[in-house]
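J.: So TrEMBL lists these for the protein:
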DOMAIN    2-54  domain 'Myosin N-terminal SH3-like'
DOMAIN    63-755  domain 'Myosin motor'
BINDING   GLY157, GLU158, SER159, GLY160, ALA161, GLY162, LYS163, THR164  ATP binding site
REGION    592-625  region 'Disordered'
COMPBIAS  610-621  compositional bias 'Basic and acidic residues'
REGION    635-657  region 'Actin-binding'
COILED    907-1090  coiled coil
REGION    1090-1114  region 'Disordered'
COMPBIAS  1090-1103  compositional bias 'Basic and acidic residues'
COILED    1140-1253  coiled coil
COILED    1320-1365  coiled coil
COILED    1415-1442  coiled coil
DOMAIN    1538-1814  domain 'Dilute'
Amino acid sequence: CVCCARVWIPDAEEVWKSAELTKDYKGGDASLQLMLEDGKSIEHKLDPKTKNLPYLRNPDILVGENDLTALSYLHEPAVLHNLKVRFMDSKLIYTYCGIVLVAINPYETLPIYGTDIISAYSGQNMGDMDPHIFAVAEEAYKQMARDERNQSIIVSGESGAGKTVSAKYAMRYFATVSGSASEANVEEKVLASNPIMEAIGNAKTTRNDNSSRFGKYIEIGFDARYRIIGANMRTYLLEKSRVVFQADEERNYHIFYQLCASAHLPEYKTLKLGGANDFLYTRQGRSPVIDGVDDSKELCNTRSAFTLLGINESYQMGLFQVLAAILHLGNVEIKERDSDSSIIPPNNHHLTAFCELVGVTYQDMSQWLCHRKLKTATETYVKTLSRLQATNARDALSKHIYAKLFNWIVEHVNKALITNVKQHSFIGVLDIYGFETFEINSFEQFCINYANEKLQQQFNMHVFKLEQEEYMREQIPWTLIDFYDNQPCINLIEAKMGILDLLDEECKMPKGSDDSWAQKLYNTHLKTCTLFEKPRMSNRAFIIQHFADKVEYQCDGFLEKNKDTVNEEQINVLKASKFDLLVELFRDEEKATSPTGQVQGTGGRTRLSVKPDKGRDSSSKEHKKTVGCQFRNSLQMLMETLNATTPHYVRCIKPNDFKQAFSFDPKRAVQQLRACGVLETIRISAAGFPSRWTYQEFFSRYRVLMKQKDVLPDKKLTCKNVLEKLVQDQDKYQFGKTKIFFRAGQVAYLEKLRADKLRAACIRIQKTIRCWLARKKYLRKRSAAITIQRFTRGYQARCLAKFMRRTQAATVIQKYQRMYVEKKRYRQKQAAALAMQTILRAYMARQKYQGLLRQKKAVIIQKRVRGWLARCWYKRCLRSIVYLQCCIRRMRARRELKKLKIEARSVEHFKKLNKGMENKIMQLQRKIDEQSKENRLVNDKLVGLESSYTVESERMRGELTRLRGVEEDNKNKANQVSSLLEELEKLRKELSSTQQEKKTIEDWAQTYKNEMEKMVSDLRDQNGLLKTEKDDLNRLIQEQSQQMTEKMTRAIAQETQQLETDLNEERSRYQNLLTEHLRLEEKYDDLKEEMHVSKPGHRRTDSTHSSNESEYTYNSEYAELEEGSRAAEVRQSRIDTSLTLKLQKRLTELEQEKQSLRNELENKEEQFQRARDDAEFKKARGAELEYESLKRQELESENKKLKHDLAEMRKSLLGDAATGAGAPGSPAYKVLLEQLNASCEELEVRKEEVLILRSQLVSQKEAMHHKETMTEPSVYADDVSKLKDADELKQAYVGLKDTNRSAAPDFHKLNEDGELWLVNQGLKETVRLLEHQLQTQRRTYDNEVESLRGELQTVKEENNRQQQLLAQNLQLPPEARIEASLQHEITRLTNENLELMADDPTASREARVIILRRMVDLMEQLEKQDRTIRKLKKQLKVYSKRIGEMGAGQAEGQTSPGQMVDEPIHPVNIPRREKDFQGMLEYKKEDELKLVKNLILELKPRGVAVNLIPGLPAYILFMCLRHADYVNDDQKVRTLLTSTINSIKKILKKRGDDFEMVSFWLANTCRFLHCLKQYSGDEAFMKHNTSRQNEHCLSNFDLAEYRQVISDLAIQIYQQLIKCMENILWPMIVSGMLEHETIQGVSGVKPTGLRKRTSSIADEGTYTLDSIIRQLNAFHSTMCQHGTDPELIKQVVKQQFYIVGAVTLNNLLLRKDMCSWSKGMQIRYNVSQLEEWLRDKGLMNCGAKETLEPLIQAAQLLQVKKKTDEDAEAICSMCLALTTAQIVKVLNLYTPVNEFEERVSVAFIRTIQTRLRDRCESPQLLMDAKMIYPVTFPFNPSSLALETIQIPGSLNLGFLTRV
């Protein structure tokens, strides 16, 4: 050992620990200096005796391998570590160990058992895929078919290790892959046996919730075509003791708890059951419920399985009765009478229930439960039983009944699985218990370990044999390998005087006991056998050294369990039962020939030849066999069966004892690995040459260790030379014929050399690159420095020159600047002197002038001031007067202006809100008006007072003047002075009071004015608030409407997308149903052919049509009679037609489902179209509806009139049909012409009326739109802003005023709690409801109008056709005219019949009878006319003959002028004028088969594709169809289309695997479908037609239904094309996309184990990427040559690329060896080559690239960094096309190919899972590689003119005539 070597050392907790050597080991050292992985240093002491060094660790690159034999160092710690890494880190539960599959129970449901996984493993080599139970099953199935040898799969392991589940999945694989040979669904029955056996044979234990308590071997039989035909089951050692006893935390068998859980149901009331805790046999374990399991639901599954296997309801209830009786029997209480006797109390209700259920008497059963009968040689007597003995006898009876019931069920399951078909081979699945050791081991553990000893011996011999065969095949010198042989242990158990013999002998002894048997064992084997030991502290136990471990067995109960005795009187009581099922259980007890009492079935099964047992001479002796003897015999039979088959081994491992998911206990794992033989396999492999490489793989892997001169053309010689140089010891390897064999550890040594060489190369590369980078960096720096220096020096030189130039310039500047300063100073002084002189002179002159001027101005000012003062006085007076007038006028104007403003605001602003606000404003306006009125009254009063005061003042002045005059006149009257003065004082007081009152009134008026102004300002503020609130509401409404619009837009978009998805799904379902329908048709045809072959002398004609014919063709009464006769013929045949009837029924169901799907598809398309047109419907207005209504009424009236006219015409024609109604001048003809003229006139009148109405409606529409704009309250804000004209404003104001005349509520009360908004929302909802009703009504009107238009068009077409037929009849001679009239009448009646059939089937049948009678009458008339014509023609011939004879006698001997008698008449070549062809081909009815044969059945696509125009057969068939339509021959049209469809199906069935043929007919079928559409006469398909092509449209028949039939046929051909393409591409994909190294040398081959993988080196015959591209080119060129539509080619290419991507990704997800960085590079390169191919073909936009997106992202995932959280975020954002399961799977499978790569940590994977937790996606792991995209056939019209098509002679269609 050298320093840094990694080793394994033993550990008490982890079994083995990894450590690294810190000091070199020398030969004499007694210990090793090691450092553990946690950094702790220890000293490991070596064993002083053996001096064995610790095991070496494998390189990290080999850790986690699929096969343990691929490890370089093969030993126990390496195996344990590899399993732990795969299980814990990679979550992989399967691992190969040579020929053994090790399966570790994950205790979690994993998504790796689906149908997609089965499909992925089907047909694959075992080493090519990751380990899986399906890989083992596929290997067994493949070897059975290849080697013609029976196979066995042996599944073993501890309880809870997953044996039953593994066996179940293996059987499921066989059932899925092989299918069944009949319609009986045998594979379903085989799988249905599992729930039954689990219910009656599985139970909950402390180690497993569903532990199998019996062993079983199921033989699945196959026929010569390797399809399942049946199965047979053998069971071993049922644990009967569990029926009466269960340990803590355990349960009885599941079936008991299922019955107790369903006891409340009515059908189980008769069983008298209760809960599980009510019965002794189900409550002892104290764990009656299993978490996550619904026992009542499981019972339903069990009953369904019983029903599927043919066990009817009565038998099921009988079984449940027996099971319930066992539970009641366990509750029977036995009381002690004395020490030797016991008694059952009378009327024990449990015993009563038991007796009622099993049909026995209470007295007999209670008697023999407490007594037993003893027989001696002379007499028989009855002995009482103690309470313990009676209890044991009761429990023994319960166990015996359950065992009988178990065997009966197994027997009937086998009968249900046996068929009459001869078995060719079988695969056996053995699900048997593994090695067991408990604290207390009894008889059951002894038998189980005995069986495992036998199986281990067989396993060792098989492994040894395989090793020997491998060495001999490779011609390697064979050396004996020492391996453990457990034959001595087997001899100890089963040999003469062995443990079982001594046990049987002791059972025969009258007083035999467990103690005496133990003493015999001690005396016999203790000293003679080293494998047998005696415990030190016990005399009632013994120890056996098994191959796995030592086991101590307790002798207690061995004899009792081996005897398995039951009281015979109790059995006799049960045999006398009235319950038939119970009697049946015990009836065949004597006939039992197997340990489980089952009878072998008959029915053509081939059995293995097994040596007969001499101990089976009589049934009585067989009944007395012990359990040990029976088990030994059955085990011997099993071993003989296994030795006659090829075994495959599955070892199940239980990772922990706590049932925790993905928890690994190394102690428990290594214990089971030792017990199951895995380590023994490793030891045998390690003893020889465990590592094996082919020469090609060795050369590819270790090419780096070779020099160029060592590489020789012969790779085998090259490998020998190199290996001799690398490994000096010749014993470390051997050269075989095809492989190199290495000793253990040599691969690790070679890997070390390879890693060292690569590391040295990497260091050299790094050194060279670093040198190059450093030199490049130095040169770059040096160049930069030189450049900097150059620029610096240049800069300095430039700076110096610049300085010198600046110095020179500065000197010059200074000179000129000084000169300028001096000059400027002089000029300034000169200018200053001159300026001073000028200013002084000017000042003196101005002073003189100012004096003169002041004198003159003073005079003027005086004059102006005097005039101004006079004018100011005048203006002041005038202004006062004007101002007084203005104030009065302004006051009045303001009042009027306020009034107008209020009205304007109420009109303009409050109009935008609602009526409530307008009413409030009107209230306020009224209040203002009232206040104004009061103000005016007060003002009037004030004016009156002022006027009275003025009058009074004037009067008083006059009086005063008069008084003054009187005073002057009467100065002398002194007596009157005082009175006058008093009166004057009084008047003054009145004047002062009047003035004071006036002032008071003025103050009140000012106060009122202020209050009014304040009120107006408040109103303005309130108005502003309301306006703001209104704006907010409008904005909110607008935002809500915008949100609603966006929401509706999103909803419509989502609904549209959902409808598109539903449409695609419906289309896919419909096409899948077509595929299923085609498969059933083919199966039906195969069965018919088999029937024909089975009856060679009987010719049977198919009386059933395909679904297409039965759906779209119509048969006459003669065809129905013919079908009836054929059906009678079939009934007379003795062939079993039940299967045919099933298929016919299934076909009918499929047809109905197809029709329903088609209707649903049409509904989906209609909904999709309706959703798309919703936006257009919302824009509809009332005027358009009125227009449509008028139009509909007009069309209805016109339609009624036309119908009336048509009825009259039909009556006329029907009345005069026999008298030649079609002749001109007849009443029908006149009526028709009159009606035609009247219709034309009416049509012109209607057109004029429609034009007038349309113009009126348009004007009304505009007026209504204007009116809606003016009156609609929801758009006031927008409309008012648009009204600019005064008249429009006035009109709007008047309208608003009219609407506001109603009572106005209080706005504040109205707007409480958002009532305005609620009202607005209510209005919106009302508007929406009205719009919805409007749309609904419009759609109804549209539908009615469309139907009426259709009827009108039909009537017009009928009218035109009648007119054409009458015109044609007029041109025909009278005889032909009658015939044409009859033909026309027949056609019309046929069409009416078809319409009636479509409308009313009952009426159609009655009409059909009438029409048939009418046709018979017409045919009779026609025959009479034909006879008359033939008679007249004969008479005409006779007369012409007589006339000729008479003329010949007269002309004899005479010749015409210019003509010689004997001169021959030479034919003259008259040139034919070129005809104007109409693009039709005429053929006779009898040539139809020849046409179909030459054009379809015998046509070679290659010649047509190369030499002729594409789609020529389709054009020819359509031209023939046109002629049949032209002559109005419906029978010819129908037969031609039917023959074409059936012939295409026939040729595709015959050559469906020929891609060229399928592509050819796909192209021609699509072209034929396009022709039917292009020339159908529908306007939608005639847009691209020329006028000439429009003339070629079909005129008489509507073939829309046949278009659907042909479309279905095209879908079937497309799916056949895809399947054909899959069969060609599938074998290429994995090899070309994954395995082949397109970029040589990027990836290397890792060491492989026993399961060899497919080599990635391209050998001869290996598919590469170039093979795939060549095949894609071939597909593409073939389809292009055949004229396939470009859109269809795109769909095919998209499907091709999906298959390539899905298959590649699925294999990548199932192959750990492919998940590496280098393989990701290979995949990306391959994908880029495919994208380049798409680019070259111009197909980048066909969607094919998107199908490769999952594969591209998987390749990127292999190459990106996978360490940090940023890497996790990048992966989550990058891998959008991959599911979470796929991402995690790739990360778990990621495997480094070289030591320089790193594995993905578990923490990083957890981070990815956490980030992807919220994804909503399917948990499916694999892609559905069989998925086919739904195909569509877009209409592709042809520009080719039909009349220009020439028919080549190579088609042999000379019987066709161009028309």
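We count from 1, first residue shown onward.
Here the Cβ of each residue, glycine as well, is placed from N, Cα and C on the backbone.
What does the local environment look like for each feature on the list?
T.: The Cβ of GLY160 (ATP binding site) lies under 8 Å from the Cβ of ASN105, THR205, ARG207, ASN208, SER211, LYS654, LYS659, each of which sits 6+ residues away along the same chain.
Per-residue confidence over the region 'Actin-binding' (635-657) averages out at a pLDDT of 89.
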J.: Residue list, the region 'Actin-binding' (635-657) vs rest of chain: Cβ under 8 Å, 6 or more residues beyond ends.
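T.: Distal contacts: 83, 87, 97, 99-107, 133, 136, 139-140, 143, 147, 149-163, 166, 170, 207, 217, 234, 236, 428, 430, 434, 450-451, 454-455, 458-459, 462, 608, 610-611, 663-665, 668-669, 672-673, 676-678.
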J.: Hey, for the ATP site built from GLY157, GLU158, SER159, GLY160, ALA161, GLY162, LYS163, THR164, who else sits with CB inside 8 A of the CB center?
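T.: Near the ATP site, the remaining chain residues are ASN105, ASN208, SER211, SER212, GLY434, CYS652, LYS654.
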J.: Could you give me the DSSP helix, strand and coil counts for the domain 'Myosin N-terminal SH3-like' (2-54)?
T.: 0 helix, 24 strand, 29 coil
J.: Including all protein chains shown, what's the count of other C-beta atoms within 10 A of the C-beta of GLY162 (ATP binding site)?
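T.: Taking all protein chains shown, GLY162 (ATP binding site) has 25 Cβ neighbours within 10 Å.
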J.: Cβ neighbours within 10 Å, counted over all protein chains: which one of the binding-site residues SER159, THR164 has the most?
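T.: Compared across SER159, THR164, the most Cβ atoms within 10 Å surround THR164.
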